[in-house]
Amino acid sequence: MDQGFNLEDIAPIAVLMDELRSEDVQLRLNAIHSIPTIALALGPDRTRDELVPFLQDSVDDEDEVLLALAEELGRNFEEYIGGPQYAHILLGPLENLSAVEETLVRDKAAESISKIAAVLSTVQIEEYYIPLLKRLSQGEWFTSRISSAALYPPVYPKATPAVQEELRKGFAALGADDTPMVRRAAARWLGSFVKNLSKHHVLSDGLPVYRRLQSDDQDSVRLLTVEDLIVIAQQLTPPEVKEQLLKQIRHSVADKSWRVRYMAATHFNELAEAVGTELVREELIGQYVQLLKDNEAEVRTAAAGQIPGFSKLLEREVILARIVPCVRDLSHDTSQHVRAALANQISGLAPLLGREATVEHLLPLFLHLLKDEFPEVRLNVISKLETVNGVIDIELLSDSLLPAIIELAEDKSWRVRQAIIEYIPLLATQLGKPFFDEQLGNLCMSWLGDTVFSIREAATINLKKLTEVFGVEWAKVAIVPKVMGMGQHPNYLYRMTTVQAITTISPSLTLPIVQAEIITPLLQLAEDPIPNIRFNVAKALEILAITFGNTPEGTEFVKQRIIPALEQQKNDGDADVRYFSTRAVQKALLVLDKSG
């Protein structure tokens, strides 16, 4: 055997080759993810000469393996081949991956090429990147042309003026391609490309491409141009926008395809900010009203989501004259999704209109939406009451608020019940203690007996938050007696809820309350016939020991009441009870050691 032959030199790449030929996809995936390790073992020279060419030929595989390869090559892989001066070598395998059929693989390959472009020198770009871009842009198969669109923006700022001109022409050709998928890619990347252009070139090169795509016969292309429109508008002055883009804005908002109008509605606030207040008041307000009255519910839903943001750009009188009538119509919309979107946003108008106008115009709509048959609409109004409370007194709403809350609290969908529970502490802050005690106190307790565990759990967290809002003395009178009373219930679920409520609420209470009201009934539950309750008592005692064991009075309390009970539980017949009580004793003793 040749003495100069070293088995260690050949091993890493041979192992990789073997694993990449394996029948098992997972093995091949693992092999791809181990490429950086193999590259380190081989060293920069052999990685460049052997590993990268091998990877370049390895594009005939499952899509998930190719996706992993495209990702690995974009993770600063140039460090393994000798640094940025060799980074162009990685373009070979990535070029092959940019032309495969699977979209995810192509997108990831294009993303990795863009990352490599960031470390290439001007010479490398002209010698390797631009030829690659031309090959992909003029590829016979449309997949490579799609990938090429993403590769123009990252390289444009680093190219020389002559090359920049070629790039602008190349991108324009993609925008006029025969294949709709290629035009879609051009529309998707036009915004990023235009950001790099000078003002002169935006007008001379960017705009013609945008106009062609914006009037494309495929709505899947046109809908992507809405974001391009915003980018171009940001590059131009308001007079230039009015001169160059007004026609296109009108076309997008009134497009025959609802999907394009939906995109225009979704991005309307960004567009309004980009074009400037003068054009908003002259032109866009009319376009916006058109979207709010659109015959497609999806478009009205998207437009309703933009109401407060767009109204900020308008004067109060204009909001009252143009926007509020539309809001009134939307509150009676036939689609529940439109009403839900409106309910989520309508409160944002209150600070803009001020107290009097809110009471006159918005209050009737709040009250109407609070009586809506669809739970999500009522929930959305309640969730945003904080914004309204800053403008008008919430008492004005309380008569309608209460029936709405009670209806939601008893809704057949547990998710609706859970959502309203989460808003109760916020409502409590705004409504005040007397109203809460009188109207909502019993409701909060009833949730503790709900048939769904998630509701019972949310109810205990709710009680903890209410204790933080109204104070410990309130909790001592309003919460603790009712919670402890449930500990005597014949149904074990109620007894379990008592234990879990103690575990959650006790850190917010004081030691005297725990000693007087909680510890005795809790220790009685330590002898409950149900093991689940007994080990939850051990968890509750652990929390009490951790919470109160760091003061002299607390230390005494832990020694006298908690540790003896836990020691007794350590001899329980149930394995879980023994485990949790043993853990609780250890934690309690740790706390005592620290405080001692």
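Placement of Cβ uses the backbone N, Cα and C atoms for every residue, glycine included.
Since the structure is predicted, the reported quantities are computational estimates derived from the model, not experimental observations.
The repeat 'HEAT' annotation in TrEMBL covers 12-50 (among others). Residues 58, 61-62, 64-65, 68-69, 72, 75, 77, 80-83, 86, 89 of the same chain, all 6+ positions outside the repeat 'HEAT' (12-50), place their C-beta atoms under 8 angstroms from a C-beta of that stretch.
What TrEMBL lists as repeat 'HEAT' is 90-128 (among others). With DSSP states grouped into helix (H, G, I), strand (E, B) and coil, the repeat 'HEAT' (90-128) comes out at 30 helix, 0 strand, 9 coil.
Residues 171-172, 175-176, 180, 183-184, 186-188, 190-195, 197, 199, 251-252, 255, 257, 259-260, 262-264, 266-267, 270-271, 274-276, 278-279, 283 of the same chain lie 6+ residues outside the repeat 'HEAT' (206-244) yet bring a C-beta within less than 8 angstroms of a C-beta in it. Annotation source TrEMBL lists repeat 'HEAT' at 206-244 (among others).
Residues or ranges marked as repeat 'HEAT' in TrEMBL: 245-283 (among others). Averaged over the repeat 'HEAT' (245-283), the predicted model reaches a pLDDT of 85.
Packing against the repeat 'HEAT' (284-322) from elsewhere in the chain are residues 249-250, 253-254, 258, 261-262, 264-266, 268-269, 271-273, 275, 277, 329-330, 333-335, 337-338, 341-342, 344-346, 348-349, 352-354, 357, 361: each is 6 or more residues past its ends and has a CB under 8 Å from a CB in it. The repeat 'HEAT' annotation in TrEMBL covers 284-322 (among others).
Marked as repeat 'HEAT' by TrEMBL: 323-361 (among others). Away from its own ends, the repeat 'HEAT' (323-361) comes close to residues 289, 292-293, 297-298, 300-302, 304-312, 314, 316, 368-369, 372, 374, 376-378, 380-381, 383-385, 387-388, 390-392, 396 of its chain (Cβ-Cβ under 8 Å, at least six residues beyond either end).
Residues or ranges marked as repeat 'HEAT' in TrEMBL: 362-400 (among others).
The domain 'Phosphatase 2A Regulatory Subunit A helical' annotation in TrEMBL covers 364-519.
Long-range contacts of the repeat 'HEAT' (401-439) within its own chain (CB-CB distance under 8 A, at least 6 residues past either end) are made by residues 370-371, 375-376, 378-379, 381-383, 385-386, 389, 394, 446-447, 450, 452, 454-455, 458-459, 462, 465-466, 468-470, 474, 478. Look at TrEMBL and you will find 401-439 (among others) tagged as repeat 'HEAT'.
Per DSSP, the repeat 'HEAT' (518-556) is made up of 31 helix, 0 strand, 8 coil. As annotated by TrEMBL, repeat 'HEAT' applies to 518-556 (among others).
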Residues from the same chain, set at least six apart from the ends of the repeat 'HEAT' (90-128), whose C-beta lies under 8 A from its own: 52-53, 55-56, 58-59, 63, 66-67, 69-71, 73-74, 76-78, 81, 84, 135-136, 139, 141, 143-144, 146-148, 150-151, 153-155, 158-160, 163
Tertiary contacts of the repeat 'HEAT' (245-283), as residues 6+ beyond its ends and Cβ separation under 8 Å: 210-211, 214-215, 219-220, 222-227, 229-230, 232-234, 236, 238, 290-291, 294, 296, 298-299, 302-303, 305-306, 309-310, 313-315, 318
